[in-house]
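What TrEMBL records for this protein:
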ACT_SITE  Glu107  active site, nucleophile
ACT_SITE  Glu111  active site, proton donor
DOMAIN    1-221  domain 'GH16'
CARBOHYD  Asn115  N-linked glycosylation site
SIGNAL    1-30  signal peptide
Amino acid sequence: MAPYPSEPNPLLLLLMISLLVGSDLVLVDAGSFYQDVDIIWGDGRAKILNNGNLLTLSLDRASGSGFQSKNEYFFGKFDIQLKLVPGNSAGTVTTFYLHSQGSAWDEIDFEFLGNLSGDPYLVHTNVYTQGKGDREQQFYLWFDPTADFHTYSVLWNPRHIVFYVDGRPIREFKNMESIGVPYPKRQSMRMYASIWNADDWATRGGLVKTDWTQAPFTVSYRNFNAEACIGSNGVSSCNNSTNNRWYSQELDSTSQKQLKWVQENYMVYNYCTDTKRFPQGLPLECNATKK
């Protein structure tokens, strides 16, 4: 099947602005990494280029690198374009994720696990609530993510979390608090991105190690866009009557068909089918989604 095309970002030329939608303060970060993020580690290995339109992160034997959003968010739609490390990227992990603070943190993860030249990247997703994860789903992609930029997105609203690749949903995690499944809706989160060495587990369970003769390993980011509620101290600027489309967005029939196509053809691991890992019974949400 032909690669799914990247969608253009209509907010590319916007700087960070605040919009009033109804009574809700909605933050739109778009276009300039100078305005939107802080480099938080890497000692010069993270670089903002092209007038703030491009950010590169590098990894060598001494260190990786990373950045975070200046703002905290409490629900929103988050997009970023990545061009992953080409060639032999085994042992490396590139990330784009949301994360709260504290020992009982919430987290929504996109991780890209490198591989030997010619072998596919593995897209690793996870959802943490109150410091507990163990909700991994992993996918191959239907294109070469090192050849060009592609868009990776997270929709996080009170109803569900959806992971997208080039506008196509690959995973949905529903709010099932009604049956006792914790859901991340009480803590604000920042966006983080990084590249680091994880050759003890990232590629084939740690069997393939990082080849440091290929360093530095460099990943490129552009077009970060956050249409989101501002979060502060566990309080969201949005309310239940918000007019923001993404706040109550569900998967329509077309999106559900796309999700099914990805999961049937490109999913390679699903915690909800791993009975050996959960001998006492699968997590509650796994049984609920079968109904």
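Every residue, even glycine, has its Cβ placed from backbone N, Cα and C.
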Same-chain residues at least 6 apart in sequence whose Cβ lies under 8 Å from the residue listed as 'N-linked glycosylation site': Ser89, Ala90, Tyr121, Leu122, Thr203, Val208
Neighbourhood of Glu111 (active site, proton donor), C-beta criterion under 8 angstroms, separation at least six: Val93, Thr94, Thr95, Tyr97, Val123, His124, Thr125, Asn126
Neighbour count (Cβ, 10 Å) for Glu107 (active site, nucleophile): 19
